[in-house]
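What follows is one structure encoded as structure tokens, with my remarks underneath.
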Amino acid sequence: MNERLQFVVVTGMSGAGKTVAMQSFEDLGFFCVDNMPPALLPKFWELIKENGKISKVALVVDLRSRGFYDQILGLLTGEEEQHNIKTDVVFLDATDEELVARYKETRRAHPLAMDGRVADGVRKERELLSPIKSEAQIVIDTTNMTPRELRSDIFGHFSTNKTIPKFHIEVVSFGYKYGSPIDADIIMDVRFLPNPYYVTELKNKIGTDPAVYDYVMNQPATEEFYTDYLKLLMDIMPGYQKEGKSNLTIAIGCTGGQHRSVAIAERLAKDLSKKYVTNISHRDAHKRKETVNRS
């Protein structure tokens with residue numbers, strides 16, 4: 001391996017936030033594996049070395065088996081003598097009361113008390129994991145944390161300027177006659193704007209055509225709407241970022257997805273790209289299905 005390998009073992013109490021932690025490491029560019037069977041560890045390690053391009057690995061594991069923990073650290077300790085490796089153990093914890101409350105909320109059984117009280121399972125697990133917690137380089141108490149705060153804590157420990165994920169915006173135009181995008185976070189209906197479809201010379205063109213674009217954007221209704229809508233989006237983007245969202249899809253819809261939505265999406269993507277990483281796509285712009293009615 002040419003560059004230093006960062007290997008993070010994420011473990012801790014059940015219900016303390018290992019799933020959120022794994023998602024956070026994924027956003028930081030780590031190659032993540034959740035609950036790998038111990039028998040596969042040596043083979044996994046060989047594949048990492050052979051690949052040569054993976055520099056960050058996060059292994060999220062259930063370490064109630066002390067033997068697995070010893071196996072992981074034994075393997076890494078031996079490899080550290082031959083390769084440039086940095087190893088960290090992150091232990092996620094919370095108070096017994098908080099863990100019990102989380103299990104009660106999800107109505108799940110504790111893995112160490114499948115037929116008994118959750119509190120008994122938490123107590124048993126804490127006893128088993130106590131030695132591992134004492135050896136962890138990083139212990140995070142998630143008792144009073146929201147998922148966003150846990151994510152922020154992990155970023156604080158492991159992010160660099162190169163690994164902080166950028167906020168990506170996807171602007172997509174669509175036609176309501178084909179259904180709205182299922183992955184849209186924000187949908188704006190622009191069917192209230194004058195429709196170029198009814199202008200003979202514009203009917204068979206799409207919103208990327210300068211003539212159609214100018215027709216849509218130069219309407220008085222468009223100017224007033226667009227100014228307010230862009231300001232609204234710029235005002236709320238920081239909130240999405242603070243909540244830990246790294247990707248946002250904004251969908252702009254009109255009837256057929258060929259004229260108004262395309263033009264507005266083009267302008268919006270251009271303006272948003274001045275501050276954010278922005279991509280644009282026109283889902284239905286080239287669909288030419290005949291329709292009797294167009295509103």
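Cβ from N, Cα, C; glycine included.
Annotation comment: Swiss-Prot describes GLY12, MET13, SER14, GLY15, ALA16, GLY17, LYS18, THR19 as ATP binding site, evidence class sequence analysis. For ASP62, LEU63, ARG64, SER65, the entry in Swiss-Prot reads GTP binding site.
Where Swiss-Prot records a feature, it is marked here on the structure.
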{"residue": "GLY12", "record": "ATP binding site", "DSSP (3 states)": "strand"}
{"residue": "GLY17", "record": "ATP binding site", "DSSP (3 states)": "coil"}
{"residue": "ASP62", "record": "GTP binding site", "DSSP (3 states)": "coil"}
| Where GLY17 (ATP binding site) and ASP62 (GTP binding site) are concerned, what is their Cα separation in Å, rounded? | 12
| task | Pick the one among the binding-site residues SER14, THR19 whose Cβ has the fewest other Cβ atoms within 10 Å in this structure. | result | THR19
| remark: Spacing of the two Cα atoms, ALA16 (ATP binding site) and ASP62 (GTP binding site), in whole angstrom, works out to 12
| task | Determine, to the nearest whole angstrom, how far the Cα atom of GLY12 (ATP binding site) is from the Cα atom of ASP62 (GTP binding site). | result | 7
| C-beta crowding around GLY15 (ATP binding site), within 10 angstroms | 25
| Hey, what's the Cβ neighbour count for GLY17 (ATP binding site) at 10 Å? | 25
| message | For the C-alpha pair, I'd like the distance in angstrom between LYS18 (ATP binding site) and ASP62 (GTP binding site), rounded off. | response | 10
| Can you list the residues of the same chain, besides GLY12, MET13, SER14, GLY15, ALA16, GLY17, LYS18, THR19, whose Cβ falls within 8 Å of the ATP site's Cβ centroid? | ALA21, LEU92, ALA94, LEU99, THR142
| Can you tell me how far the Cα of GLY15 (ATP binding site) sits from the Cα of ASP62 (GTP binding site), in Å? | 11
| message | My understanding is the cutoff is Cβ-Cβ under 8 Å with a sequence separation of 6 or more in the same chain; which residues meet that for MET13 (ATP binding site)? | response | LEU92, ASP93, ALA94, LEU99, VAL122, GLU125, ARG126, LEU129
| query | About how far apart, in whole Å, are the alpha carbons (Cα) of SER14 (ATP binding site) and ASP62 (GTP binding site)? | reply | 8
| request: Show which residues of the chain containing ASP62 (GTP binding site), separated from it by at least 6 in sequence, have their CB under 8 Å from its CB. | output: THR11, SER14, ASN35, PRO111
